[in-house]
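Participant: TrEMBL lists 43-230 with the feature domain 'Aminopeptidase N-like N-terminal'. TrEMBL lists 265-469 with the feature domain 'Peptidase M1 membrane alanine aminopeptidase'. Residues annotated as Zn(2+) binding site in TrEMBL: His337, His341, Glu360. Taken from TrEMBL, the feature active site, proton acceptor covers Glu338. Residues or ranges marked as site 'Transition state stabilizer' in TrEMBL: Tyr422. What TrEMBL lists as domain 'ERAP1-like C-terminal' is 587-902.
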Amino acid sequence: MGFSIFNFSKTPSSDSNSPAGDNLATNGLPFPWSKVRLPNYIVPVHYHLLIHPNLTTLKFSGSVKIEIDVKNNTNWVVLHSKNLKIFTATVLDEHEAHLSDKVLSVLEYPAHEQIAIFSPKILTSGEKYFLYLEFGAPLSDGFYGFYKSTYKTKAGETRVLASTHFEPTSARMALPCFDEPIFKANYTVRIRRGPSHIALSNMPLEQTVEIGNGLFEDHFEVSVKMSSYLLAFIVCDFRSVSGMTATGINISIYAVPEKWHQTHYALEAALRLLEFYEQYFNILYPLPKMDLIAIPDFQSGAMENWGLTTYRETSLLYDPDISSASDKLWVTLVIGHELAHQWFGNLVTMEWWNDIWLNEGFARYMEFVSLEAVYPELKVEDHFLDTCFGAIGRDSLNSSRPISSLAENPTQIKEMFDTVSYDKGACILHMLRNFLTNEGFQSGIIRYLRRFRYSNARNEDLWDSLIKTCSEEDFTAGEYCYSSTQATKNAYRFAGEHIDLKKMMSTWTLQKGIPLVTVRRQGRRLYVGQERFLKIVLPNDPSWNSLQEGYLWHIPLTYKTSHSEHEVKHLLTTKSDVLTLDEEVDWVKLNTDMNGYYIVHYDEEGWNCLTELLRVNHTALSFKDRASLIHNAFHITVLSYQALDLIGYLKSETHNVPLLQGLGYLQSFYKLIEKRHIADVTHNLKTYILQYFRDVIDKQTWSDDGTVSDRRLREEVLSLACDFNYPPCLEKAKQLFNSWVDSNGTVSLPTDVSETVYMVGAQDDSGWAYLLEKYGVSMCETEKSKFLSALASSKDSKKLSRLLQLGMGGTVIKTQNLPSLIYMVARNPVGHFLAWDFVKKHWNELVEKFPLGSFGIRSIIVGTVTQFSSTEELREVEVFFKSITEQVSQLRVIQVATENLEKNIMWLKRNLETMRTWLQQRLN
């Protein structure tokens with residue numbers, strides 16, 4: 001599964017008339033095309049779509065007339081269709097006259113989700129034709145294609161809506177189409193609906209026609225040229241709130257009628273963020289409107305359909321009385337992400353899914369760029385390091401993959417939407433922006449967007465755009481400066497060195513993993529080296545050499561010293577190098593502000609100097625430098641006293657990021673050791689954490705006061721203290737819970753601590769039952785997710801089993817929340833075997849709800865397997881996955897989960913004794 005070499009898949013050969021050997025259509029006839037990718041000699045130009053969902057019978061019917069260009073003579077048209085019944089198929093000439101008087105036969109080949117239509121008359125190269133199809137299907141049951149969603153009103157009535165989710169490969173479930181990102185076309189959409197509903201699509205409504213039988217037909221304006229996965233349409237009875245940007249774009253937020261009051265914050269955020277992007281990208285948003293809609297059943301966080309972005313309710317709706325500071329940040333980030341996609345992804349789309357990071361890495365990175373500019377008070381930079389730390393966690397295992405990786409079939413494509421595409425993608429863009437300067441980066445991406453707008457791009461097109469020095473005039477004149485004479489002019493100078501940017505960035509996108517930079521200082525000399533960082537394998541391991549072979553990065557090193565005013569830069573393109581300092585120094589810190597995507601390991605003296613610096617004057621380093629030192633120290637394979645002593649300074653730390661970083665490591669060690677029932681270390685570690693961080697715990701107020709950073713610290717620290725049964729914490733939480741119950745839930749709890757209060761309340765029978773009852777009637781999804789988290793923290797396994805059954809039922813707890821529920825139960829020390837047994841027992845049902853490769857099934861696998869830490873458990877996990885090899889042989893996530901389990905085993909084997917003796921020394 002781990003492709004370390006990367007190659008572009010060739011476009012299918014255009015040998016159009018030769019039927020392919022063994023591929024038999026459902027009727028037993030040979031299917032004329034053998035590849036998963038469609039032939040490239042028939043290109044859709046314009047879709048005319050009519051769609052009619054019936055919200056009573058839960059079926060839909062439709063017709064589509066696709067204008068096509070033919071590049072090679074052929075009798076066959078091959079396109080995508082999945083689970084659709086095709087009623088009629090005809091081919092028309094450019095005057096829309098039938099080419100044949102016969103009904104054309106349609107061959108189906110479900111293995112590739114393709115259909116083929118045979119035209120008795122040859123379709124001639126260079127001519128224009130229309131393909132006309134009528135089709136129908138039940139509204140889909142899951143979260144893909146054209147699917148049904150339901151919600152309950154306050155009065156308890158269930159209402160139905162129909163909504164779409166097509167990315168990556170599900171447009172073919174709603175209409176027969178050329179469902180690959182390269183086939184960009186215009187769409188003209190008409191939707192039929194009843195009088196009590198509204199219809200929405202990518203474009204504004206042009207007119208509504210009454211067609212009798214109480215039906216209305218809404219006609220939408222013609223779309224811009226776009227990929228099929230961005231098409232969207234919805235029939236619902238929602239209410240909206242609207243506003244206008246400075247450039248005249250109408251923005252509306254839609255939600256279930258009774259949740260209308262939760263839409264106002266999203267409107268303000270969307271207006272401000274869209275205006276920011278128009279200025280930053282220097283390209284106006286090309287549609288007249290932008291809708292954001294909260295769908296009650298939704299698998300991922302949100303989807304960037306052009307002009308009609310869809311969201312899970314928790315990612316769009318904000319209730320100031322219930323939502324915490326971190327909930328507000330989340331909503332703002334998701335809106336920032338989807339709006340960034342309107343340029344990165346929609347205007348310029350990757351050529352194929354192997355480069356999905358060009359969409360997702362950029363959108364993830366722009367969340368931070370936009371929020372820093374528009375909402376500085378949300379302190380988004382506090383979270384960026386966590387994004388990169390998450391990517392490093394995945395990348396330091398051999399089961400990782402290159403940012404650009406092969407992905408051919410739908411399962412592999414779905415799996416590309418992962419930490420590597422999103423988070424590592426964002427982190428290498430951040431490194432690049434710091435390397436090129438903000439201005440250089442911005443003007444480069446403006447060039448990229450202008451050069452490829454309404455078209456498709458690959459990995460290397462981005463590097464080309466970033467190193468061009470063409471002016472905009474050159475672009476509008478249609479001249480692209482790719483000549484070698486430009487090359488020297490284009491080479492960026494970095495620290496006085498000429499850079500080959502494309503070569504440099506290929507080392508970050510075409511090979512997997514992350515470099516470890518080693519540093520040794522002797523006098524004024526710095527000896528630096530690089531190797532591939534591996535979490536599990538040590539240099540004395542037999543496989544070490546083969547895992548290191550061929551890995552080399554071009555690393556933009558930065559460092560600060562005790563005597564430097566500014567950071568110093570150096571590009572490391574070799575295995576080792578020697579740098580000379582201007583003068584003798586007391587300490588050196590590499591990777592300033594963790595702007596580079598690499599880990600640093602100092603020699604013993606280097607670590608000692610930095611540990612001492614933190615102890616006597618920690619503010620000599622920025623909060624990002626402090627947090628990254630803690631991260632690097634704990635990440636390096638063997639836990640040493642060095643790392644544990646390094647965080648000794650945290651007693652005097654006031655910034656939430658390094659504090660939570662240090663606390664987070666101790667807490668994760670605690671969770672691991674607790675699940676192994678190692679009583680002495682569990683007890684001592686808990687005692688140490690509560691003693692050591694007592695000041696910071698006692699200082700927290702049970703309120704919503706302070707900056708966003710203060711509030712984030714409060715939320716995390718009080719949650720930990722109550723989880724560790726710290727008496728003052730439990731008392732206060734119980735008191736708040738009881739007064740909340742006494743008021744029948746009408747008293748408002750401080751939003752930042754409400755989840756902790758519910759968790760404490762859920763530990764007895766009556767509190768648990770009350771929370772479950774409240775869960776059933778709450779009209780706020782954010783509140784419900786806090787209730788669910790509390791319910792799943794119960795130490796009564798019968799209650800946890802009941803929750804899992806309710807999640808499987810899908811009525812009280814919606815199916816969309818089942819993956820996170822399974823994870824919540826699995827991380828509960830009473831629940832990890834329970835959750836794993838549940839997954840094994842219900843595996844086939846789970847895969848029906850969450851297709852292989854989807855976000856849902858991946859979080860179920862990782863959420864359960866990574867809770868284990870013994871060789872017996874590893875064997876059991878391997879035996880189970882072996883028993884379903886047929887299904888999961890292609891899934892990369894199996895290796896990721898298993899390797900994380902191995903990492904836990906190794907951690908305990910190497911570090912438990914160190915931890916034990918260190919704690920004994922500290923506590924005596």
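Positions of Cβ are set from backbone N, Cα and C atoms, glycine also.
The model shown is predicted, which means the values in this text are computed figures rather than measured ones.
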Participant: Quick one: average pLDDT across the domain 'Aminopeptidase N-like N-terminal' (43-230), no decimals.
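Facilitator: Its mean pLDDT is 96.
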Participant: Within 10 angstroms of the C-beta of Glu338 (active site, proton acceptor), what count of other C-beta atoms is obtained when all protein chains are considered?
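Facilitator: Other Cβ atoms within 10 Å of Glu338 (active site, proton acceptor): 27.
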Participant: Do me a favour and check the Cα-Cα span between His337 (Zn(2+) binding site) and Tyr422 (site 'Transition state stabilizer'); whole Å is fine.
Facilitator: 11
Participant: Would you list, in sequence order, the residues of this chain other than His337, His341, Glu360 that have their CB within 8 A of the centroid of the site's CB atoms, where the site is the one recorded for Zn(2+)?
Facilitator: Glu304, Glu338, Ala340, Phe344, Gly345, Asn359, Phe362, Ala363, Arg364, Met366, Glu367, Tyr422
Participant: Would you count the other CB atoms within 10 A of the CB of His337 (Zn(2+) binding site), including those on all shown protein chains?
Facilitator: 26
Participant: If you count Cβ atoms within 10 Å of the Cβ of His341 (Zn(2+) binding site), leaving out that atom itself, what do you get?
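Facilitator: Other Cβ atoms within 10 Å of His341 (Zn(2+) binding site): 24.
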Participant: Give me the CA-CA distance between Glu360 (Zn(2+) binding site) and Tyr422 (site 'Transition state stabilizer'), in Å, as a whole number.
Facilitator: 5
Participant: Among all the protein chains here, how many other CB atoms are within 10 A of the CB of Tyr422 (site 'Transition state stabilizer')?
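Facilitator: I get 24 for this one.
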Participant: I need the CA-to-CA distance for Glu338 (active site, proton acceptor) versus Tyr422 (site 'Transition state stabilizer'), whole Å please.
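Facilitator: Cα-Cα distance, Glu338 (active site, proton acceptor) to Tyr422 (site 'Transition state stabilizer'): 13 Å.
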Participant: Whole-number Å only: compute the distance from the Cα of Tyr422 (site 'Transition state stabilizer') to the Cα of His341 (Zn(2+) binding site).
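Facilitator: With distance taken Cα to Cα, His341 (Zn(2+) binding site) is 12 Å from Tyr422 (site 'Transition state stabilizer').
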